[in-house]
Amino acid sequence: MSLNNSSSVFLDSVPTNTNRFQVNVINENHESCAAGIDNTDPPHYEETSFGDEQNRLRISFRPGNQECYDNFLQTGETTKTDASFHTYDSHTNTYYLQTFGHNTMDAVPKIEYYRNTGSVSGPKVNRPSLLEIHEQLAKNVAVTPGSADRVANGEGMPGEEHAENKEEDNKAGAVKFGWVKGVLVRCMLNIWGVMLFIRLSWIVGEAGIGLGVVIILLSTMVTSITGLSTSAIATNGFVRGGGAYYLISRSLGPEFGGSIGLIFAFANAVAVAMYVVGFAETVVDLLKESDSMMVDPTNDIRIIGSITVVILLGISVAGMEWEAKAQVILLIILLIAIANFFIGTVIPSNNEKKSRGFFNYQASIFAENFGPSFTKGEGFFSVFAIFFPAATGILAGANISGDLEDPQDAIPRGTMLAIFITTVAYIGVAICVGACVVRDATGSMNDTIISGINCNGSAACGLGYDFSRCRHEPCQYGLMNNFQVMSMVSGFGPLITAGIFSATLSSALASLVSAAKVFQALCKDNIYKALQFFAKGYGKNNEPLRGYILTFVIAMAFILIAELNTIAPIISNFFLASYALINFSCFHASYAKSPGWRPAYGIYNMWVSLFGAVLCCAVMFVINWWAAVITYVIEFFLYIYVTYKKPDVNWGSSTQALSYVSALDNALELTTVEDHVKNFRPQCFVLTGGPMTRPALLDITYAFTKNSGLCICCEVFVGPRKLCVKEMNSGMAKKQAWLIKNKIKAFYAAVAADCFRDGVRSLLQASGLGRMKPNTLVIGYKKKWRKAPLTEIENYVGIIHDAFDFEIGVVIVRISQGFDISQVLQVQEELEKLEQERLALEATIKDNECEEGNGGIRGLFKKVGKLNITKPTPKKDSSINTIQSMHVGEFNQKLVEASTQFKKKQGKGTIDVWWLFDDGGLTLLIPYILTLRKKWKDCKLRIYVGGKINRIEEEKIAMASLLSKFRIKFADIHVIGDINIKPNKESWKFFEEMIEPYRLHESCKDLTTAEKLKRETPWKITDAELEAVKEKSYRQVRLNELLQEHSRAANLIVLSLPVARKGSISDLLYMAWLEILTKNLPPVLLVRGNHKNVLTFYS
């Protein structure tokens, strides 16, 4: 409610007996403006006694008008000085009270912000983003008070008026039903079927009044629990069309929804045939009585059924409005028929009816019929199985949820009331017919007996009839024998026949509409892509005409087959499977404890819903065990199919919520478990940047973390935080989606930082969750380090130092061509854009050539000129020109091949493990895990260790013993005894030439000059440093010679990473070590664990 200054608004109408604080807004006269600002009265407070329960405190605001406020702003007295502060505040408080939400960039809560894109209930509006209300305003931009916010809060929103008018037009054009016509009527018609008129009397005869009522109540319990679950799900958010399918799919996900939706739609389609055949059989019986058969009973049923289903199709195609009118008419007929039965029970019975077992209400008959009298082959559960389908139909209203004005209110109210009314009617009919009609009667008026003569002691005997011969020979009348008992008892028999017609036709019509609506919703979700054709709707109500035709074809086929006795149990089980899943959906959503599960309908319990699901499954087997098995098998195969296809939908199902809860519980439980070496697994940070830019680095890491460890692809955005955060946030979902699309079970994480090292340091400290915290850093080798800026080298080596500081293992991967293919991706993207533009240009020209009356070629060029279509040309500085000059395909071929080398099967070969230093076993564990993978399983492990020349055999035996205790299979062990000898002169000369540009050579200069150079270039390699680590430098050069000698042909080399002591070895010297160590080799993994055991030989 808005408070306008020009109108007088009083809030005195608010009930005062419940308020302790009341605000009275009283409009003052316009003359108050002329009096000046200082004359504005402050809020007036009226105190009341504490004994006054109606009001404790009243505040009366006396607002002025907008003109007064504008004049006040123009006076310039807006500064909050001591003299004016009170005046300013007392006056403008009123203004801000009236315009809250329109004087701030923040948007006030509106329903439009929470709609989905393309919502049928109204347009979606985007609220101002957090950046828009948080970032600094642009300079030299004048901001008028309140003007910046009118769009955000709905004033002057572009196209808003049009959208609202359009929404109103849509609402005016589409036919929407309330809870009575839309749900109550449909559910009652669907629940009241032919069972009410032709089977309920037989059920009372078999089970008796007592157990008959129990059967009705047990069936009602199943449907009532399902109704409660349906109501809870339907009130947990906006419900669209699709009925049971929509409720199940949005709760349990597309796998369950897609499988049950298809069989539910099919069951409704076949149910049309069942109801139509029931109608046709009744008509054929009437034709028999009048001797008016057309061909024979079977073919007459087919003819009448076909004509009937065509008429029903015509009513459905005419639109939901006509269908609803037909349902109302059928309900009226049905109610008259039921009332006709109850009236007939009090009309005195004649001799003919008495001979057929009807004696009006008799206590003796009630007592006799109260207990069961099951005939041969029948029992409680068999009778229950026959009655239960009569209680179904509770989803008839929910199935047209898209055509309801307010599904959240209509479905709970209409469904539960329909269950109650129909249950009362069933119980009433059962009790009445059981109190009026005996179980067996001959139908012969000659079976009367003289009063007082003892016969068989039955109730009929006491009423003057002897039906004892029915014990020895079959009789035609009575509850057990005559299916037309209700027609006999009723006041006017033909009305019961009309009721049967109404029950069958209304159920058939409801099933026809339900099948088409559910099927259309299923097809719209594109879960089964081949069925997309049936998703199209027509007219203002989006009528599924194609679905109607398909349902008609299915119904016609089963009418012509005329083998419904076989298919009927399966159809009943299909419905029960839907009920079971609806109950399980309600339980599952409650059990998942998702904050999004907050149904407005609170009369439900998750354990009751679970009991209902189990009860539905049990009833399925009670009705027909083989039909239940078939139902489960069909549903299972559809579930597997949908799971395999993985439809691209995200409905926030409870399955997703439970996955989160399960993961959270497991993660929390994991924190209580102490680390143990047997449970160690590599959990890796991988500095891939965008995962698509360094696929080879990700592939090799994923090879030893797949299904056994954690893999996080990390990217650091370096630069101004404002720009970096925007770029980072915009690409995170896309990069995670790339991992999913490429079936890589990994996570993507990104940070924004001022420098690369700070970003990685943040990742090293903060990534992971509890025990699921990465313990290994995987980085690519910096191939072009000699051309890189010094800061990049310092950051690169610093990252390795940081990892060791945090006790995290390090793996450096080197391949000959390098990892980064971002340039290739950029070129590919540019080429794709050019190709799209070229195709668009050709399509436009082709369209223009096809048009007539444009003056031939001249007209074509004129039109192209008007369209301003020109052949795109690349920019001067674009990557296209660069690639063209360097022959892009040939230039990048090796890089592209290298980027996919770890995706391929490696074939027979070796993984050479140079386990030179004991780091806890990570250098050995990673290659062992690789050999377990399908792509690496043909590669054998060859182990190389250092040793003494005079103890090679002993150390080889010791290593073999250790590996066998670790249960690691290996092909060979080599003990290298000459690691510490000096490398050859050529190798050492290459190393010296490589580090020459970075040496300080302070020994050749005087002391002052040397000290000055050290201060100016502290990053250079000093002679003292080089001399101190000369033996280590020899070792790196010598190791490369040994690697060239022994492992040149290996598929992969895993080598102990040398550690550079902080403060002793400069960054450039360390990079020189790594360069000379891995030069001219197959792919190399330099590995260094955190020196904590990752292998054990204890059980």
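Yeah, the Cβs are placed from backbone N, Cα and C, and that goes for glycine too.
Owing to the predicted nature of the structure, the values given are computational and were not obtained by experimental measurement.
Candidates Asn446, Asn868 were compared with Swiss-Prot; the annotation N-linked glycosylation site appears at Asn446. Considering the side of the membrane named for each residue in Swiss-Prot, Asn236 and Gly798 coincide.
Annotated by Swiss-Prot as transmembrane segment, the relevant range among 303-323, 513-533 is 303-323. Among the listed stretches 178-198, 202-222, 260-280, 380-400, 418-438, the one sharing the most Cβ pairs under 8 Å with the transmembrane segment (610-630) is 380-400. Secondary structure of the topological domain 'Extracellular' (439-550), assigned with DSSP and counted as helix (H, G, I), strand (E, B) and coil, comes to 61 helix, 6 strand, 45 coil. At the 8 Å Cβ threshold, with sequence separation of at least 6, the transmembrane segment (572-592) lacks contact with the transmembrane segment (328-348), having fewer than 3 such pairs.
Mapped onto DSSP helix, strand and coil, the topological domain 'Extracellular' (349-379) counts 13 helix, 1 strand, 17 coil.
Proximity of distant same-chain residues to the transmembrane segment (380-400), defined by a Cβ-Cβ separation under 8 Å and at least 6 residues beyond the stretch ends, is recorded for 177, 182-184, 186-187, 189-191, 193, 195-196, 199-200, 203, 206-207, 211, 215-216, 218-220, 222-223, 226-227, 230, 234, 241-244, 247, 268, 320, 372, 374, 407, 410-411, 414-415, 418-419, 422, 426, 507, 510, 513-514, 517-518, 568, 572, 575-576, 578-579, 619, 622-624.
Model confidence over the topological domain 'Extracellular' (593-609) stands at 84, taken as the mean pLDDT rounded to a whole number. Tertiary neighbourhood of the topological domain 'Extracellular' (593-609): same-chain residues 225, 228-229, 231-236, 408, 412, 583-584, 586-587, 652, 654, 657, 660-661, selected by CB-CB distance under 8 Å and a gap of 6+ residues from either end. Listed by sequence, the residues of this chain that lie at least six past the ends of the topological domain 'Extracellular' (349-379) yet keep a Cβ under 8 A from its Cβ atoms are 204-211, 432, 434-445, 447-448, 458-460, 462-465, 467, 477-480, 482, 485, 488-489. Outside the topological domain 'Extracellular' (281-302) by six or more residues, the chain places 194, 497, 500-501, 504, 559-560, 562 with a CB less than 8 A from a CB of the stretch.
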